[in-house]
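Notes follow once the structure below has been shown.
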């Protein structure tokens, strides 16, 4: 048995195409969608990711400003810049890139991003509104999990989904989105006892821990659907997920690849959110 | 076998005593803690609950204003009153009581409660901050679940907790508080397939659905700890939980009673939050 590959490329392409069309309409009516990405790190993989967002944005007809504050920026500098961008009418979406300088906390700083421009759902108000069932931008990675499953026809109602990882940017918002889709959701983490027993009771496993190859065949029930959110850089410049694909693919029914799974959908959703913000 | 009774009376009394002492200190220094409860319903059990809060507040040295807008109040009226109370420096805590008039939604209206006065954690920003690990008032009922378990020495780290119910006021915030305590958390609800199989895999079951007697012995593993959040009025003026106590007590290791379990702790926590808000 070998798992079906749940590619993210096709849904990402469809979202980018729809977004480009909407961006062109907005531009024709005088609104030029613009995204600002605030960076305060010298981290190489972060820089690579930000450039990939900028390229994708430009292809979709969205201007993208990379606002590099340097890795010695203070929390105060970052917060101030986020507030300035939030008040700038020509900017429709604002993202604060991680990692951040020592002592700066994403959840805290992101409260300076206006909720209407918070296209990566980083402001705690966005998370609270999401949890409360009110309109809000979800963190793009968390939304990408559900989007990939939708695209490949996984009907979530009544399924038991194990989310591994309880971060504010992925695990927790993904849990809320999955609950909204009527899945039964278990959130596991580093302190979970007998992780394999818990996750192999689930129909769907979402791995969002940030540790290469942590999830192996023993964590997955035969035929389960596995979504790999991990993007762990390898020494040779590549990217691997949290799932040990070689072993899991022999047991799971379906698996998202890394790269080419959740990642491209995440980027496409950031662009969609920016155009949605611009359309308001 | 008969389950240990996890009473809420003792922890509630301890919290009320500590709160009364703190309220007296504040009063001595010129700050008189004051709670406002906004009501827009003719519901009898709601009125009973509000009177019980007011009595408990007065005993603890906290003034309590019941602001009755009538059951025909519009969402706009309610929102306006919440904003006025939020701006009133003599008021330290603001609660919006449910049920609300047709068309008015708690999560939406509660965004008009200033986060610093949101002593029942109803503003979506409070929930988002809670989920993000930032300081915020938790909904008192959700916090009462963890408080009762703490008081009775249930060490949550590594335990598997099944929360039945995904409401914004109990199930979801309880899940976040339990995750913060390093429990593995499964959120179940009306669309969960084979609820009994899911909940009987858990070490702790938290019932927060609002249906009398829904949880029976088949939902609970032998020796499990069961927290009953339900407060369902009976025809004869009594109160019963979501748990069928007669059958569950024969199988569970421990069970919170209704009344006298989560309820009194909830009220005590509302008072504690009010005094904390006044102390700022």
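Easy rule for this one: first residue shown is 1, then count along the chain.
Note: Cβ is positioned from N, Cα and C throughout, glycine not excepted.
Please treat TrEMBL annotations as automatic predictions, because they have not gone through curation.
Owing to the predicted nature of the structure, the values given are computational and were not obtained by experimental measurement.
These features come from TrEMBL:
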DOMAIN    A:6-120  domain 'Tetrahydrofolate dehydrogenase/cyclohydrolase catalytic'
DOMAIN    A:139-279  domain 'Tetrahydrofolate dehydrogenase/cyclohydrolase NAD(P)-binding'
BINDING   A:165, A:166, A:167, A:231  NADP(+) binding site
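Residues listed for NADP(+), A:165, A:166, A:167, A:231, cover a largest CA to CA span of 16 Å. Under 8 angstroms separates no C-beta among the binding-site residues A:165, A:167, A:231 from a C-beta of chain B.
Note on the domain 'Tetrahydrofolate dehydrogenase/cyclohydrolase catalytic' (A:6-120): its mean pLDDT in the predicted model is 97. Classification of residue A:167 (NADP(+) binding site) by DSSP places it in coil, neither helical nor stranded. Within 10 Å of the C-beta of residue A:167 (NADP(+) binding site) we count 19 further C-beta atoms, all protein chains included. Counting residue by residue with DSSP, the domain 'Tetrahydrofolate dehydrogenase/cyclohydrolase NAD(P)-binding' (A:139-279) contains 52 helix, 26 strand, 63 coil. Secondary structure of the domain 'Tetrahydrofolate dehydrogenase/cyclohydrolase catalytic' (A:6-120) per DSSP (helix as H, G, I; strand as E, B; remaining residues coil): 59 helix, 16 strand, 40 coil. Of all the binding-site residues given, namely A:165, A:166, A:231, the one with the smallest number of surrounding CB atoms inside 10 A is A:231.
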